[in-house]
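A.B. asks: Annotations for this protein, taken from Swiss-Prot, read as follows:
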type	residues	note
BINDING	Thr14, Ala15, Gly16, Asn128, Arg165, Ser199, Gln295	UDP-N-acetyl-alpha-D-glucosamine binding site
Amino acid sequence: MNGTISVLLAGGGTAGHVEPAMAVADALAALEPGVRITALGTERGLETRLVPERGYALELITPVPLPRKLSGDLARLPMRVRRAVRETREILDTVHADVVIGFGGYVALPAYLAARRNRVPIVVHEANASAGLANKVGARFARRVLSAVADPGLGRVEVVGTPVRSSITELDRAALRAEARAHFGFADDARVLLVFGGSQGARSLNNVVSGAAKALAAAGISVLHAYGAKNTLELPDPAPGDPPYVAVPYLSRMDLAYAAADLAICRSGAMTVAEVTAVGLPAVYVPLPIGNGEQRLNARPVVETGGGLVVDDADLSPQFVADTVVPLLTDTGRLQTMTAGAALSGHRDAARHVAHVALDVAREAAGGRKGVR
């Protein structure tokens, strides 16, 4: 370690990998002035936009996506892995990395293998309730294994939550509520339902909630609905005096959206659950019906603390909204109980915790190397 600590973040590909990495980067910069931070990615991932926007250095390697079925890609995989590991080892040497923090995904796998070869200590963070292949490999030789939940399939883990950007973790919903509702055109005393399906929206959520628009309006419920830039949303013509149904392709100010809302209907990806619970917002989670049920598992902790409900995508309907969501939104006592349960499940300090662990690991490794000499 040459005076300042150098950290390599391996979390490229999707927002679910990049956003926790950037939250930890911000925490590292706040905790350790002068820390050198480098993100590892590929030209295909969202990191090519998100990392430079946050002001951090980005190094690109050959992508190593794991094929989901037998194909020519499977035969080329060993060659791609070797090339990506070689490239990553060169980057580790160039930046004089003291520690690698991996967040899973196809960027993390070569990072773990390269770090092991270069004898750079590894910290693994798993955001999902069911760990992927990369983190299963990395956990075998990591110094510390951190997780959002207690049993992601990585053996012994330290539960720290999922790192979330500070604009969310520092949000005071009650203090910002009046400003947030004015921003979207809602009354101060409105009951507001927030609907979103991630950065791309969710068609089934769109169809169901828009189909329940009349029932929501009849109950006096305002709606803030982010339907996704690639989707369209059809709504009935409002009747005179109906509360607003604000439909937008994308919400650039999720902090204001969370502050304005009393309840959310959303998917249960790891980052969504982390943000919604960090701000203490009650939610109806609709797991994406793909994979091995990871999204249902992601929502389990907040459901167990009483901060949310889970409904299968196939069971979500306009009738469900009318029969379950409307009564919930009009029950002040139940909303207050769910708010407390959501906050109990959330981890506002996850990014700082991961950053502290990584800095400790880097210092311990540096001390060990000095001792060997």
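Each residue, glycine too, has its Cβ placed from N, Cα and C.
Since we're looking at a predicted model, the values are computed, not measured.
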A.B. asks: Taking DSSP three-state, what's Asn128 (UDP-N-acetyl-alpha-D-glucosamine binding site) in: helix, strand or coil?
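C.D. replies: Asn128 (UDP-N-acetyl-alpha-D-glucosamine binding site) sits in coil per DSSP, no helix or strand.
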A.B. asks: Given a 10 Å Cβ-Cβ cut-off, pick out the one of the binding-site residues Thr14, Ala15, Gly16, Arg165, Gln295 that has the most other Cβ atoms nearby.
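C.D. replies: Per the Cβ count, the most surrounded site is Gln295.
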A.B. asks: Looking only at Cβ atoms, how many others are within 10 Å of the one on Asn128 (UDP-N-acetyl-alpha-D-glucosamine binding site)?
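C.D. replies: By my count, 24.
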A.B. asks: When DSSP is mapped onto helix/strand/coil, what comes out for Gly16 (UDP-N-acetyl-alpha-D-glucosamine binding site)?
C.D. replies: helix
